[in-house]
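Feature list (source: TrEMBL):
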- 559-669: domain 'Cyclic nucleotide-binding' (DOMAIN)
- 158-179: transmembrane segment (TRANSMEM)
- 191-212: transmembrane segment (TRANSMEM)
- 240-273: transmembrane segment (TRANSMEM)
- 285-303: transmembrane segment (TRANSMEM)
- 323-344: transmembrane segment (TRANSMEM)
- 428-447: transmembrane segment (TRANSMEM)
- 459-480: transmembrane segment (TRANSMEM)
Amino acid sequence: MSCVSVALHSFDVSEKRKNWWEDCTRENVIVNVNQKHYNLATPEECRMEFRLGLNLSHRPLSDEIPGNEEGCLRLSSSFVPSRLGVVKLQSSDEDRTEGQEDSERWRLSDCDLSHPQFKGPFSTHEDAKGETQKIKDRWIFGRVLDPQSKSIKRINRVFFLTCSIGMFIDPLFLFTLTVNKRLACLHVDEAFATAVSGLRCIVDAMYLWHIWLQLKVAFVSKQSLVLGSGELVWDARDIAMHYLCALGGFIFDLFVILPIPQVIVWVVVPSIINKGGPVTSIMPYMLLGFLFQYIPKVLHLFLVVKRMQRVTGYVFGTAWWGFALNLFCFIVAAHVAGSCWYVLGLERVEQCLQQQCAQSSDCSITYIGCPRPISPLGKQALVDPGRLAWGLSSSVTDICYNQAGSFVWGIYSWVVPQVRDINGFQKIILPLFWGIMTLSSFGNALSPSNHTVEATFCVIVVTCGLLLFTMLIGNIQVFLHSYTTRKEAMQLQMRDLEWWMRRRQLPTRVRQRVRQFERQKWAATRGVDEAAMVAELPEVLRRDIKRHLCVDLVRQVPLFDQMDDLVVNQICERLKPMLFVEGETVVYAGDPVLRMTFVVRGYLQSEYCMKNGNTSCCVLGPGTFCGDELLSWCFKKPPTQRFPPSTCTLRTLTNCEVFGFDADDLRYITEHFRYKFANEKLKNTARYYSSNWRTWAAVTIQLGWRRFKKQRDERREWEKSGLLQNGHLTSAPEESTQRNSLGLSEKDRLRLYTAMITSPKPTDHLE
């Protein structure tokens with residue numbers, strides 16, 4: 001009789017010692033009875049078709065269920081009935097940490113699943129598990145998303161670029177403040193503020209979309225990072241709660257999209273101006289409010305990148321992206337420095353106007369703020385003639401609008417022409433230039449005054465410039481250096497090679513051949529060691545890469561085009577790329593054949609030298625091969641370790657790129673796939689494209705044609721002399737003619753036989 005052995009763990013026992021099913025129906029309760037095994041003996045109890053808890057509900061906790069131990073189905077995980085009709089499996093605390101997602105499968109041993117008793121439960125277990133998984137993968141926020149999918153990776157890149165653009169947009173709020181030319185009053189540029197606020201809303205919309213996705217994207221469990229790269233958590237509730245409760249999660253993401261700059265520009269600044277108080281307090285509000293959100297926003301961007309790298313390992317996979325992002329970071333830092341410089345310079349201008357207003361009897365402190373706090377450039381309502389008279393007075397134009405005036409401007413002298421009504425683009429360019437110049441020169445061009453705020457700002461700018469230059473610009477140099485490292489290494493190698501050739505006094509011809517080979521190698525590989533690069537990858541990945549690189553080229557070889565994918569994959573794994581320079585002799589006749597050579601690009605010449613001194617040539621182009629002597633060597637019985645000699649000399653006519661197939665690798669292929677080479681069509685193809693068979697066939701055809709031509713000429717001479725009629729000799733030829741003819745025939749035949757003997761028929765495994 002078959003039964004089920006269940007390992008029960010972590011059962012929460014109530015004071016009234018209720019049935020264990022009543023306790024298990026509560027949420028997140030795991031069964032545990034002192035880690036004892038309980039056996040279900042009867043077939044009815046063995047059937048766990050959504051009724052495991054109900055079958056045990058009549059048994060108290062302390063009762064042991066007897067049963068037969070033979071042929072039991074052992075389940076190492078414990079049952080957690082989370083709701084009626086669904087049974088989940090959760091491993092014990094020994095196998096997994098608390099809070100880790102339930103992804104283990106039932107482990108079966110010593111059980112015949114074909115037994116009728118197990119047909120019911122196991123036919124419905126997958127349905128129950130699928131239903132449970134569907135419930136876990138979905139919640140109120142939707143279906144759980146895979147962070148390693150291509151769509152999520154693409155969305156992460158778009159969001160990262162949006163965050164970077166947002167870092168450039170936020171400092172633009174500082175440029176919304178400007179001074180009216182005619183009235184010399186402070187106001188907000190309505191058009192520019194509207195445009196910047198609209199851009200900020202677009203960026204905030206992307207942030208909201210990112211927040212919505214984070215509620216559904218699976219995350220890496222910290223408990224699983226002990227070994228390997230970690231496991232993803234797929235439970236929808238755990239994902240949402242993890243994001244909502246994390247320190248750098250929902251609260252932090254929500255903080256960076258708070259409309260703090262918009263509130264300051266559209267609410268705080270107009271209220272201060274309308275109150276008629278000193279407007280010099282507006283600039284500190286603007287600057288502190290900007291930094292209050294901008295600095296956490298920079299930290300948030302780094303956390304976003306770290307969060308992306310934790311799952312995918314990288315955000316952008318190329319060095320050019322790293323170069324561009326580092327350069328953009330430096331520009332953004334210069335933009336922030338220039339924006340702060342503009343606001344502080346505007347504050348200095350307002351201090352000058354306030355000082356001149358205090359010294360003038362015709363000025364009121366309310367004149368410093370415009371009647372319309374938010375208005376387009378140059379469109380202020382003239383409500384007081386005294387305001388216009390004071391704005392156009394010489395005390396304002398000659399002192400507060402003049403860089404060379406008596407007022408001490410310090411490092412803000414360039415800001416003075418920028419604070420009056422000019423368009424936004426012109427207002428941004430000069431501060432951006434000032435920021436780049438100051439950060440890149442470590443503040444050498446700064447000449448601060450004795451103002452505390454100005455001196456502090458200079459210290460911060462110089463310090464940040466030093467850090468940014470050493471970090472960001474240093475990274476840019478690393479990226480640029482990575483593209484020139486191989487070229488510098490190649491130049492160093494050529495310099496060492498030239499010194500070595502001069503030291504060894506190599507001939508000029510040999511030196512030229514060495515230089516030509518190095519140049520061809522650099523043109524083909526650009527200094528990349530493909531073999532060393534691929535060797536560090538896993539075996540499965542290496543096989544796929546080799547197949548991608550070689551399968552099309554191998555299929556161009558007619559010998560391998562007719563083989564199935566199994567053999568072609570094995571061949572691709574063992575092919576080695578090789579380069580031959582024009583005019584080089586690859587193999588001499590008589591040398592042992594160490595490899596088969598498959599031509600990919602270029603042309604080679606196979607020279608077959610006969611014993612009578614004649615030479616037969618054959619040109620090998622892309623798709624051809626040589627070294628087929630190894631085929632018969634591999635199929636020779638008994639096998640021998642002596643390599644076959646080459647029957648031809650192989651020279652390169654052009655620069656060639658070939659694949660080499662070593663003899664040991666070919667023997668491995670022919671031994672393990674011998675039945676593949678027994679194909680008659682494959683044998684004929686191997687003979688047809690073999691250079692040795694082609695040379696032998698050409699010689700044999702030429703000899704046969706010469707023999708036929710000689711016999712035809714003799715028959716024509718006999719017909720002319722009347723010795724041959726209707727195919728028969730009418731009379732015997734003269735003795736001298738017959739003797740001369742026989743003498744010539746014997747000589748020609750001897751020559752023909754000699755040629756046939758000196759050009760033997762190639763031997764292969766087909767013989």
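Counting begins at 1 with the first residue displayed.
Cβ atoms are placed via backbone N, Cα and C, with glycine included.
Keep in mind that TrEMBL annotations are predicted by a computer and have not been checked by a curator.
Sequence-remote contacts of a segment are chain residues at least 6 beyond its ends whose Cβ falls under 8 Å from one of its Cβ atoms, and for the transmembrane segment (428-447) they are 172, 175, 330-331, 333-339, 341-342, 410-411, 414-415, 418, 458, 461-462, 464-466, 468-469, 473. Taking DSSP states H, G and I as helix and E and B as strand, the domain 'Cyclic nucleotide-binding' (559-669) has 26 helix, 42 strand, 43 coil. Tallying C-beta pairs under 8 angstroms between the transmembrane segment (285-303) and each of 158-179, 191-212, 240-273, 323-344, 459-480 places 240-273 first. Within its own chain, the transmembrane segment (459-480) has Cβ neighbours under 8 Å at 319-320, 322-323, 326-327, 329-330, 333, 337, 438-443, 446, counting only residues six or more beyond its boundaries.
Sequence-distant contacts of the transmembrane segment (240-273) (same chain, at least 6 residues past either end, Cβ-Cβ under 8 Å): 139, 141, 170, 173, 176-177, 186-188, 193, 197, 200, 204, 207-208, 210-211, 214-216, 219, 233, 279, 281-282, 285-286, 289-290, 292-293, 296-297, 300, 303, 369-370, 373-374. Across the domain 'Cyclic nucleotide-binding' (559-669), the model assigns an average pLDDT of 80.
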